[in-house]
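Q: There's a structure below that I have some questions on.
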């Protein structure tokens, strides 16, 4: 039996194409069936399956957590142990075992550092992405700026030998400068694009393993 394709209503050509892809996306359907808040949950599931980053008892900081797909995955892995601090300026419905902190990670750094003061983080994860500008290079540079912000928190709050997962968009020379700057900070750097990432997407995840100091 052939899978049914959902039809979309009348709208602009670009939004119609996006909506068509979205409603017929197998990961969107799977997320709905398995009660994940977003298809992005499967990206983290793939990342963790490959790299075994999050373990029971770990303390995890998630930056840019709304709507909560990644938070659900991490909370399931921790299973009532450790601690998950999920930070986003956008509203996010509560999840059992998750500390939801509403603030701007760029403009309210002092407040976040006060919140995590004295906390030894095992892992920092981020699925942050910039608003699309229409320029491949601009979007890539903006994504790297967000990743640099994630690394700012890692430098100050991630324990030695800790791990960072952060996303960038490929398409600018800044990527190579940024990644090269990390080689003195982490023992190993891996690039990973999950199957759950759309083929046309330029997103790639940097898996930064073994903070050196």
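Backbone N, Cα and C define each Cβ position, glycine as well.
So Swiss-Prot lists the following for this protein:
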BINDING   68, 70, 88, 104, 127  S-adenosyl-L-methionine binding site
ACT_SITE  167  active site, proton acceptor
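A description of the local structural setting of each listed feature is requested, covering burial, neighbours and distances.
A: DSSP assigns residue 68 (S-adenosyl-L-methionine binding site) to coil in the three-state reduction, outside any helix or strand.
DSSP assigns residue 167 (active site, proton acceptor) to a strand in the three-state reduction.
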Q: So, three-state DSSP: helix, strand or coil for residue 127 (S-adenosyl-L-methionine binding site)?
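A: Note: residue 127 (S-adenosyl-L-methionine binding site) is coil by DSSP, not helix or strand.
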Q: For residue 104 (S-adenosyl-L-methionine binding site), which of the three DSSP-derived states applies: helix, strand, or coil?
A: coil
Q: Any same-chain residues 6+ apart from residue 104 (S-adenosyl-L-methionine binding site) with CB under 8 Å of its CB? Would you list them in sequence order, or say none?
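A: Spatial neighbours, sequence-distant, of residue 104 (S-adenosyl-L-methionine binding site): 89.
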